[in-house]
């Protein structure tokens, strides 16, 4: 079980504004009242979110009247948390961003770190790992600036919690977990320490490093001291000992988990412990005892609708009955297994559709905000015009004698202003064309906003350098930036030549897409052609590095094609971006690829198989998408063999 996310809800310290006399007393009273409403709101977040919102809104009203921005920021945050508990994620994001902006204005690093964390939670829950990671890393940055070790611990754990779900990023997950582990020991937080140790042990278990897995599972048990968290550690040890064929130890640990789970009435852990015991007896060939435990596990599993445990249970029971020769039972449980797989698929499909609805609602909300901003700007402009008209009339009546001189001067000033405006408009057009696609930049200039669009078919490409953190430690920061710039500049040229659109870079990762903003049926082939050209360029770079005795920069490339939403985000620093599960699957293709290879999804394979020879690699599981087939694209019918991936 993964220890995933904190939503921090700490109350602000009581503070006031420096005034004197009666005013000082009034402000102190208002500040105390704001803090009181925030405290009451916090206490109602779990059991009555609606009441929590009303209390927080009272705090906001008083904070605005008494000029208490920090109080308003914390109250807005509580409203956002209440909306989160109600499942109103768009509204929660809106309040979080309002709170974040105030904290930034006040240079309050603790509050900034807190809000970035909570924003990351929403994107994580919606399956957008990229945006979740961006916000968690920002939370870590400001937590470190504030020196708040508990928030640093939270941010480290959340970053690791994103990395742990991808085999290719296990090492990064371990890196952040190790830092979090030291803080847990320093802060004496046994529950968090135990959870992190179970997660680290699980990574090493998947990496087949049983020695380190055993060390961290036992460390977790020592931290938990037989509390409820011990359940995961005991069952994890049971699985490890079963794999090592140490059956007595495996049974002992699963039995400890079962006894503790029964004492705590934890039905999920009761189910998992019984399944663990049954699996040990399957390995021992004692099918009768195995079925005894499996049959016991069915009752709590069905009662709490633990779908994944029920699926595993029906699958193994079908196989065990077949081995005992009871084929009627085997077929019965095989049918149950098929039905539960369909149920899980439908549940995950509903979650996927919910995530798409979240993306759509988010874009719709941003469009409403842009419209309101535009209306407000027009109203301010109208007021300015009225004031200017009044002042001009007074000036005309008072200075009629020098009207000719003023008109002449006004004429010359208008010519100068128009020239300045022309130059500024030309510069704005140039800057927009550099950061946005041409048609999006034109729409933004003409309408003042760019409407997000849904695209039925877009190809998305991710690149990432293997072991970049280790390589960068051998170089100075200036060298790292210079070499990344050299690579990405060439990537930009390749992308432009193949009619693709660069989306953004995140650290050492490069992201581009084909079929946006202009739809183009040839984008699946164009993006593969660009990928080969990128690999060819990196091959030359790495040949030079090896000759100079430097470490090569090995590159992975992943591609997926599917539907997504694209458009402009932000109002001050415009950025063209893309959203949807297509982006996440392309990222999974990259992270599960190999250096020097182009790893593509089955969806993309179907679009290029008539032009390229591909090699089937197997399946991976992607959150919100289920199992996905993967292929390597081959060059001239052979696997690519290059130093740069």
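In case you wondered, yes, glycine gets a Cβ from its N, Cα and C as well.
No curator has checked TrEMBL annotations; they are predicted automatically.
Quick look at what TrEMBL lists:
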DOMAIN    459-590  domain 'Guanylate cyclase'
REPEAT    73-106  repeat 'TPR'
REPEAT    113-146  repeat 'TPR'
REPEAT    194-227  repeat 'TPR'
REPEAT    231-264  repeat 'TPR'
Intrachain neighbours beyond the repeat 'TPR' (231-264), with Cβ under 8 angstroms and 6 or more residues off its ends: 1, 194-195, 197-198, 201-202, 205, 210, 213-214, 217-218, 220-221, 224, 270, 272-274, 276-277, 279-280, 283-284
Taken over the repeat 'TPR' (231-264), the model's mean pLDDT: 94
Secondary structure composition of the repeat 'TPR' (113-146) [DSSP: H/G/I, E/B, coil]: 31 helix, 0 strand, 3 coil
